[in-house]
Amino acid sequence: MWLSLVILGVASAIVNVSTQESCTTPNGETATCLPIESCKIFWDYVVTSGADPEINSFLRASLCRQGNYVVCCGSTLKFNSALPDRTECGLQDDFKVLGGEDTDLGEYPWMALLQQTKTSGAKSFGCGGSLISDRYVLTAAHCVVSSSYTVTMVRLGEWDLRATQDCVGSGSYQYCSPPPQDIGIESITSHPNYEKSSRGVFNDIALIRLARPVNRNKYVQPICLPLPTERTPVGENLLVAGWGATETKAQSDKKQKLKLPVTDLPACKTLYAKHNKIINDKMICAGGLKGKDSCKGDSGGPLFGQTGAGNAQFYIEGIVSYGAICGTEGFPAIYTRVSDHLDWIKQNVRV
């Protein structure tokens, strides 16, 4: 039993509660705070197994107070099904190997564009995001927290910003995608500990709840969230995509793609410290290649990997946060590490 409790990652003694307080579970269910040994659904799990990472994450999120084993005792051990099953996310057709070029039509169908409406009424696409379910887009908090604009719409299924309809080929060999889906916003939730200062950007993550579910098709699909232990080794490549700045102009018309290597975090911390910036373990450093990086228009977009070759599943590992001048050699860009924010994500999505 005690081994199972240690696995939960909460190092404190069990305490008794004289009053049964009302509480809300991570799934939004109204329940009662009970000592864990009095909550049958949790206690049976602890004494028989205690080794499921998802349930352990849910249990930690169910604590009524930090520092004790009093839990919000609801009817389930797992987060709600607002997020897709891992068999239904991160899927796309098989496309050619990357090289820092235009994507193919339909490639990376989880890519989102955020429309920013300024106080003057002017509208533009200034940030990106990632569809993670039929109702939620994951992005950077700095993309949605602003006094000069409001994020008013999300576009999904886009490829070429110049075209009224995206098509490739010609004649009888031409095929086209459906029109992009422009969806309004029901609510935006930025991380409560988001901070942007002269020392850096911290907890740079936000969730956008769409006004309606997306219509899934070949061109609009959610990407998988990472596993809690998902870490790409230093030197291996991850991917970025978006409509960000290129060498010749401020923004690309077509969705771009690029491979970037993960760089050593301690070395990245030292490098940025010389410029009075703080890098912490909830961040990923990647890139630093001359002329190749994620740029301003890609803010909030994904840094993502794949589980294998061919028709692999893709998962989001980071969110584009900030960096030095785009494409500066030796200066990797900074990404929010998604696996360190899984509990927060799961607590803030609902069906």
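Positions of Cβ are set from backbone N, Cα and C atoms, glycine also.
Per Swiss-Prot, the features are:
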- E158, D160, A163, D166: Ca(2+) binding site (BINDING)
- C23-C72: disulfide bond (DISULFID)
- C33-C64: disulfide bond (DISULFID)
- C39-C73: disulfide bond (DISULFID)
- C89-C224: disulfide bond (DISULFID)
- C127-C143: disulfide bond (DISULFID)
- C167-C176: disulfide bond (DISULFID)
- C268-C285: disulfide bond (DISULFID)
- C295-C326: disulfide bond (DISULFID)
- 22-73: domain 'Clip' (DOMAIN)
- 97-350: domain 'Peptidase S1' (DOMAIN)
- 1-19: signal peptide (SIGNAL)
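Structural mapping of features recorded in Swiss-Prot.
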{"residue": "C33", "record": "disulfide bond", "CB count, 10 Å": "21"}
{"residue": "C72", "record": "disulfide bond", "CB count, 10 Å": "24"}
{"residue": "C73", "record": "disulfide bond", "CB count, 10 Å": "23"}
{"residue": "C89", "record": "disulfide bond", "CB count, 10 Å": "21"}
{"residue": "C143", "record": "disulfide bond", "CB count, 10 Å": "26"}
{"residue": "E158", "record": "Ca(2+) binding site", "CB count, 10 Å": "22"}
{"residue": "A163", "record": "Ca(2+) binding site", "CB count, 10 Å": "14"}
{"residue": "C167", "record": "disulfide bond", "CB count, 10 Å": "14"}
{"residue": "C268", "record": "disulfide bond", "CB count, 10 Å": "23"}
{"residue": "C285", "record": "disulfide bond", "CB count, 10 Å": "26"}
Other residues, Cβ within 8 Å of E158, D160, A163, D166 Cβ centroid (Ca(2+) site): L105, W159, L161, R162, Q165, S177, P180, K254
Rounded inter-Cα distance in Å - C224 (disulfide bond), E158 (Ca(2+) binding site): 19
Between A163 (Ca(2+) binding site) and C23 (disulfide bond), the C-alpha gap once rounded to whole angstrom: 51
Among C23, C39, C176, the most crowded of the disulfide-bonded residues [Cβ within 10 Å]: C39
Disulfide-bonded residues compared (C64, C127, C224) - the one with the fewest other Cβ atoms within 10 Å: C64
Nonlocal residues around D160 (Ca(2+) binding site), in sequence order (Cβ under 8 Å, 6 or more apart): D166, D253, K254, K255
Across the domain 'Clip' (22-73), average pLDDT on the 0 to 100 scale: 84
